[in-house]
Each structure stands twice: as C-alpha cells, then as structure tokens.
Amino acid sequence: MRSIYVVGIVVLSGLSLLFAVGIIYGEATDQWFLGGGFVGALLIAYSFIVLLLRQVGLIGPRKTER
Amino acid sequence: MSTVATGQASGRYARLMTSLLRGTLRLDVLVNKLYPTDFNPLYYTGGLSNLFLFTLVLSGIFLFFYYDASLGESFASVQYLTDRVPYGGIVRGVHRYAADGFIVGILLHLLRNWFTDRHLFARDNPWISGMFLLLFAGFIGFTGYQLVWDERAQLLTSMFVAMLRSIPAAGAALTRLFIGGVGISDGTLVRILFLHIGPATALYVFLWWHYVRQRHPKIWPPGVWVLFCVGLVFLLAGAVPVTRETIPAATPAASPTRFPMDVFFLIPFWLLNFLPAGVVVLLLVALFVGGLAIPYASRRETPVEMGVRHSGVAQVIDGNCTGCELCYYDCPYNAIVMVPSPGPGLSKAAANRSLLAVVIESRCVECGICIGACPFEALELPKFLERDVLRQVGEAVQA
Amino acid sequence: MTQTLKVVGFICDWSVDLAPLSDGGRLREVPGVRVIRVPCSGFVRPNWLEDALNRGADGVFVTGCPYGDCLNREGNFLMRDRIDQLRRRLQRRKVDPARIGMLAFGLHDGASFLAEVKAFVDRIAALPPAPPARAAGRAAVTQPAQASEGERP
Ligand code: SF4
Ligand code: SF4
C-alpha cells in the first residue's frame, strides 16, 4: 500500500514539474489563460501530494486537531 | 442519537429528517475512506466558504482598480482588463468561479447543519445569521453580473426593475432608488458598484454575528483543500475562460431576449420565464422567511419528543466553584461567563475564589462539556447527575 | 482471558449506534465491556475514569464522534486532550496508559468500532494484571455539607 502511495507522489511530482514548465511556457508566449490554467493544475497536483503524504504518515494532522 | 434513529421519531417530517441525518453521516463514512477525518471537506464546509470569500475579496480588489463605472466605459474597461492586462482574464475568471464555489460551499454548509440538527434550540444564532449571509451573497452575485454591462446585464437590470415594480406600494420608490433616477444612467452603474461592494463588506459583519456564540470557530479549511479549491478556481479560469461567452456590449437600442444562464445566481431570473414578476418576488420572500423559521417551526418540538437525551441546562454548584475558568474556556458555545464572586465558596478549594462561573441558560445546549472540564465537581447536568454516572460505573464494575 | 476482564466504556449518544451491538449495557461481541451512554464524549470527567480504574476496572475508554464532527463542535477534541493529561497523571502512579483509551467513531462505524474495542481489550489482556481494587476510591458524591446547611437552627 505504502509503495503505491510513494509511486503516486513521484508521479504527481513529475506532473507538477510539467505544469510548472507549462506556466513558464504560457508566460513566455503571452498566453495568459494557458499560464493561469497551469497555476491551477499545479495547485491541484500539490493538494493530492499533500493528501498522499498524509496517507503515508509523513505529515500529521495539525497539532490542535491531531 | 441512536435513540432518535431507532424509531422514536414520529410523523413524516421527523422520519424524513432522521433518514437525511443518517444519509449525511453515511456519506461521511465514504468520504473518510478517501480523506482522513482531519482532511474531510464535509467537516469544513464553513471554512471552505470562507476561503472562497477571501479569494473573492482579493481578486475583487484587483478588478476594482480597472473598473470604470459609467454606461459608456464599463464594458470597454472590462474588455481591456480581460484582454490587455497581464492575467486580467484569469483574475476575472477566478472572481467568477470563486463566487460559484462560495454559493456551493454555503449551500453544503446549510444542508449539512440542517440535516445533522445543528441549528436547533440554543444554536439558532448561526442559522439566522447564515440566512442573512446567503441572502446577501446571492444579491452580491446578481449585482456582479450587472457590472459588466453587456446585454445580459441590461436584460437582468430590466428584469430586476420589473420585479421591484411588482412590489405593491413601495415598488416605484424602490426602483428610483435602485437605478438612481427615472432612467438608467451613469449613476445607475455607480449605485450597482456600491451595491456590489457595500454588501460584500457587510458579509464580514454578518460573519462576526455568525461566530459570536462559538468558541474557536473553524474558519479555515485544511491545507489540502485550500490548495485544491484555489487550484480548481484557477484551472477553471484558464480552461473555461470567461470570454467564452461572447455577449455584446449593452446599447440603448438593443433589446436582448436571451442570455447564457448561470445556475447559481440567476435562478430567480430563469423563473421569470414562467411566472409573473410579482410571484417570483413573493417566492423569494417566502423562501427567506421560511429559512428563518426553520429552527423554530421545523424542530420536532422538545428534545423529549425528538427522542434525544434531555439533560437540562448545566447548573453551577455555587459552593464548590473555585473560579478556575476551565469551564469558561471549554464551553464551545460561550454559554459560561465568569462574574466577580459575591462571596467565598463553601468547599476548601473555593474559599479564596475571586470569580464565579455563571451559565447563561439561553445559550446552553445541554452538552455537558463543561461537566468534564470542571475538576472541582462544581457543575452538574440536572437530569444526569454525577451521582447517576458513578452509580452506573459501580454497577458496571461489580457486575 | 478476555472474558474475565472488566472494561468500562463511556459512549456518546451521537456516536456509534449501539442498538445492534449491545444489550443490557454490554457489548454482545465483547461481553467484558460495559457501556455507559453519555450525552457527549466531553461530558466525561477524567475523575470518573480514574474512579472506575480504582474500583477494579481493567480498562476504561471513551468513544466520541469522528474528530471534526462532534455534534457539540469540540467535545471529542477536548476529551482527547483530557485523556492525554489523565494518562500522564496516572503514569506517575504506575497505571499503564494502555488502560485508558479514546476512540472516535461515527453512527455507521459499528464494525470498525468493535474491531478497535477488541484490539483495546487484547492490549489490556497482554498487560500484567492490575493491582487489586482499592477500596472504593471515594464517596459517590463529594459535596460539602449539603442541604443540612440551611436546616440547622
Ligand atoms: S452544557 Fe456546559 S459546555 Fe455545554 S453549552 Fe451548556 S454551559 Fe456550555
Ligand atoms: S470549572 Fe468548575 S470550579 Fe472552575 S470556574 Fe468552572 S464551575 Fe467553577
């Protein structure tokens, strides 16, 4: 189970790297909608990374809401 | 709760509410499989709405600097913002989709707290303020559509004016007040701009009212959901740009008859297709008043009739209270206040107290959390005394 | 082994639906566990848990709703903190922290609740036996000079 999560994290990190490249590409070619859309995609990828990190147990819940 | 669920509920309404309650909690079980409880978005619907509101405020401030409130210029200024300003179109899209998210968040929050009975008895304060928040949010969304001043905005304005006119007696005056004179002019857009931003400020006043009876309100969702919601809003703004719906600018000559719909804000205007304006106004007023009445009219009478445990308002045993303030910090509804002690207590620990806890009965929901907080046996639920608990413990250990 | 253990559970009215799980205040599947219904997990005073242990219970636990979903907003968070404190306090008196438990399960979580309770009981069963019951810790209600106060001439 844990290894599936780790694979998921790696895949998502790769994806977010791709999205970051997309942001730069959109910015460089003045396609602002493209760039902005990639910002969103990047944040969503981050959110799933955070979820998987939580599932693996690397980050805990907030201290007050353990 | 299990007592509610196992059949004491009588009457069709009560049974419906019970099955909705069970359904809501069943949904939680499913969500909890995917997201651990501290990440469960359904536990943070209020926080999600607040996050969207914050996004709206930030993007709105950006948009405000480019907006020109006059008949001739407003459409052009929005066009300029969308096409020329770097990422202006994205910010505009964020503002639009975050508004949809705000309404969705509010409705989820409303339904969840309704179905899980968290609006009843002493907890009506957040419900009532929440109805006002919903009303204002809907109105702000509607004025937002007008600000663009394209043909849709023009049609919306004339429909809204028709609705205002249909109000007996006050209608004509209200219309004059809303459009600022007899006809639509530059002044109208200034008014609409104010009616967009002013109520948005008022939302924060209502939020204060929303939180005032709660200790530690959960006003922010967990990090995953901040990332996800902001990301989703940006993704939508990029993938489904607001410029996709090309609506021409409003001109006095144009008499548009149709426009792209928006399910979250424009439903009353959609109803105008079938119903006369007066009936729609009546419907909206009835919805609002009905919403305000829900905690009082729809409750299944007393807790006894609802089949939930009725333990009575917490009572402070004056002689034992040492004024340690622990209950005051733990009561989730701010129902306990500390007052200067009128005299020393009876027990040894309470002899030198300077404060005394007092339960404000109208705020107490009879949860008993303060009982667990008090280390000096100075609080009791009248219908479930410490004595009863200890007797049950004794029986359990002996048996 | 588990049959002889006495475990007292304080269970919130709004959490696990006990109707299908228990009769006569005992869990059907784990007869050593006696349940006491309380209006909210936050209602439980840590003293009562201590008292139950003193009177010879082998373990005590409190069950509330899933964290974040307390009907009364904070009851289960507060109870978890209080139980942590109680564990630390009792550890100084050589009571194993494993004897005190805090569980969080919702209305429909009956199966996982039972599994968790069984695991809890098994953990206690593995511990060395508790010291014999201290003669009933204290009087049932400690209120100084109750009604007699006013009746005195
Ligand atoms: S029972 Fe106690 S904690 Fe609960 S609302 Fe009343 S005063 Fe507050
Ligand atoms: S916790 Fe008990 S002793 Fe302390 S202030 Fe509240 S009622 Fe008084």
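Just so you know, glycine gets a Cβ as well, placed from its N, Cα and C.
Positions annotated as domain 'Cytochrome b/b6 N-terminal region profile' by TrEMBL: B:17-223.
What TrEMBL lists as transmembrane segment is B:42-67 (among others).
Residues annotated as transmembrane segment in TrEMBL: B:127-148 (among others).
Here TrEMBL flags B:160-179 (among others) as transmembrane segment.
Here TrEMBL flags B:191-212 (among others) as transmembrane segment.
Counting only same-chain residues 6+ beyond the ends of the transmembrane segment (B:224-243), those with a CB under 8 A from a CB of the stretch are 35, 39, 41, 44, 47-48, 51-52, 55, 82-83, 89-94, 96-98, 101. What TrEMBL lists as transmembrane segment is B:224-243 (among others).
Residues or ranges marked as transmembrane segment by TrEMBL: B:263-296 (among others). Counting residues 6+ beyond its ends, the transmembrane segment (B:263-296) has Cβ neighbours under 8 Å at 99-100, 103-104, 114, 119-121, 123-124, 127-128, 131, 134-135, 138, 141-142, 144-145, 156, 159-160, 162-163, 165-167 in the same chain.
Packing against the domain '4Fe-4S ferredoxin-type' (B:312-341) from elsewhere in the chain are residues 122-123, 212-216, 347, 349-350, 353-361, 363-384: each is 6 or more residues past its ends and has a CB under 8 Å from a CB in it. Annotation source TrEMBL lists domain '4Fe-4S ferredoxin-type' at B:312-341 (among others).
Annotation comment: TrEMBL describes B:355-384 (among others) as domain '4Fe-4S ferredoxin-type'. When pLDDT values are averaged over the domain '4Fe-4S ferredoxin-type' (B:355-384), the model yields 90.
When the domain '4Fe-4S ferredoxin-type' (B:355-384) is classified with DSSP, helix, strand and coil residues number 8 helix, 9 strand, 13 coil. Residues of the domain '4Fe-4S ferredoxin-type' (B:312-341) grouped by DSSP class, helix first, strand second and coil last, total 8 helix, 7 strand, 15 coil. If you look at the transmembrane segment (B:160-179), the same-chain residues 6 or more away from its ends with a CB under 8 A from one of its CBs are 142, 185, 187-188, 191, 195, 268-269, 272, 276-278, 280-281.
Beyond the transmembrane segment (B:127-148), the same-chain residues lying 6 or more positions past its ends with a Cβ under 8 Å from any Cβ of the stretch are 67, 69, 74-75, 78, 95-96, 99, 102-103, 106, 109-110, 113, 119, 156-157, 160, 189, 192-193, 195-196, 199-200, 202-203, 206-207, 209-210, 247, 262, 264-266, 288, 291-292, 294-295.
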